[in-house]
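Per TrEMBL, these features apply:
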type	residues	note
ACT_SITE	E163	active site, proton donor
ACT_SITE	E374	active site, nucleophile
BINDING	Q17, H118, N162, Y297, W420	substrate binding site
Amino acid sequence: MKFPHDFLFGAATAAYQIEGAWDEDGKGPTNWDVFSKLPGKTYEGTNGDIAIDHYHRYKEDIRLMAEMGLESYRFSVSWARILPTGDGEVNQKGLDFYNDVINECLHYGIVPFVTLYHWDLPLTLEQDGGWTAKRTVEAFVKYAEICFRAFGDRVKHWITFNETVMFCGLGYLKGAHPPGISNDKKKYFQATHHVFYAHARAVEVYKSLKQYGEIGITHVFLPAFSTDDQPENVSAARHANEYETFWYYDPILKGEYPAYVVEQLKDNGWTPDWTVEELDTLRGNAAGNDFIGLNYYQPIRVERNREAAAFTEHTRETSTLAPGHASFDGFYRTVKMEDKTYTKWGWEISPQGFLDGLHMLKQRYGDIKMYVTENGLGDEDPIIEGEIVDVPRVKYIEEHLKVVKQAIREGIHLKGYYAWSAIDLLSWLNGFKKQYGFIYVDHENQLSRKKKLSFHWYKRIIETRGEEL
Ligand SMILES: C[C@@]1(C(=O)O)OC[C@H]2O[C@@H](O)[C@H](O)[C@@H](O)[C@H]2O1
């Protein structure tokens, strides 16, 4: 069986991780331009000043994507190129760049799938409270409308935010992302609420423009499973799913927050300072959300945590999402299982966990349209006689695409798969060491591009619409 004719085979990137040109053509500074230069925050001090120079090489990169037969390219817009101060004057050269990227995609018949926010916040907004401040919400809505009006005649697929749990969790609980705050639960939940409210407002604006495309959000999908059937560990998995999934998916798809979490926030004094108007906006725009983007890499295996939830010192190393850590509230801990397979970064490889999780989502949210907006293997790719022989990545993506096909057979409304990533790029916390791309970038040779084994494999999968899987 082939994948359906309207299923999109894609790949993804993000602005800060590929563009470079951090201060060119009127772009304003972002939180990551500053944070990445703080000692110890990134792997070996790597940053996005140059990244892989996609700002100057986007034509070559998109030509390679076309050669691979990519049907759709998911990329993000750097807000600070469009609005250098976050909510002030528009920078025409920023609009020009993304118009060029979009037009280059369309030149090859590649469907652009645009993420408005992939973690790089204009510095002025971060300095003024970031996502804990209402100003950032209003600024995002202004920025989103500018993008809709500038690109919406050609861009018909919009993602508002990428992985809210990551930039809020690492920003306010682990201190590993800007603004580098640790263990501030009140700010964490406040920031997530402002993001969901900003999303709902952007949906409202998008629908009012009657551009007849689709808009959604991309969340991490991290289904939690109990290590065994002990009631306390089953309760740990429930707790993890409530806080890591339902807190994120419910306000978008149901228009309200999960009662389990709301009650506990109240007990702990972590309830966001939300208003009736904001909660009504969430409720009133849930139906306008056209899809949910899932970034699936792994499930988590959890058990009840019996150790006292002492203050946890977080570092870059403890923030790369490997198992063996207690949850922010100490309720559960993630466990590395003897009978499971893991990547070099300690992430479990579990296509079955994905399929089981998809059915959990369908049971809770019904027939919502879904895209796999990220899935891929972070690895240090083998190089044999100058060729990048990334067989592990081929196997990883093959197994997950098989599950996507099986899920569609089982009635899950999946409409596309975007591998992370189209091309090797800068990892926020792992520098250039953790590779994900179909295209290799040689940092020892003027960032020259080279097709990997997986490039040729994915090309064939797309050509045959995955019939062999
Ligand atoms: C934490 C990590 C990683 O480095 O493996 O997860 C997978 C992937 O998720 C993306 O949304 C990030 O932009 C990208 O940098 C990657 O980040």
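Cβ from N, Cα, C; glycine included.
What you are looking at is a predicted structure, and each value in this text was computed from that prediction instead of being measured.
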Query raised in the report: For E374 (active site, nucleophile), what is the tally of other C-beta atoms lying within 10 angstroms of its C-beta?
Result: 25
Query raised in the report: Can you name the binding-site residues among H118, Y297, W420 whose CA is within 10 A of the CA of E163 (active site, proton donor)?
Result: H118
Report summary line: Among the binding-site residues listed as Q17, H118, Y297, W420, within 10 angstroms of the residue listed as 'active site, nucleophile' by C-alpha we get Y297, W420
Report summary line: Given the substrate site Q17, H118, N162, Y297, W420, its other Cβ neighbours within 8 Å of the Cβ centroid, in chain order, are A12, T13, A14, E163, N295, E374, S421
Query raised in the report: Max Cα distance spanning Q17, H118, N162, Y297, W420 (substrate binders), Å?
Result: 18
Query raised in the report: Just counting, how many other CB atoms are there within 10 A of the CB of Q17 (substrate binding site)?
Result: 25
Requested in this report: Just jot down the residues in the same chain as H118 (substrate binding site), at least 6 apart in sequence, with C-beta under 8 A of its C-beta; none if empty.
Outcome: A14, A15, Y16, S76, N162
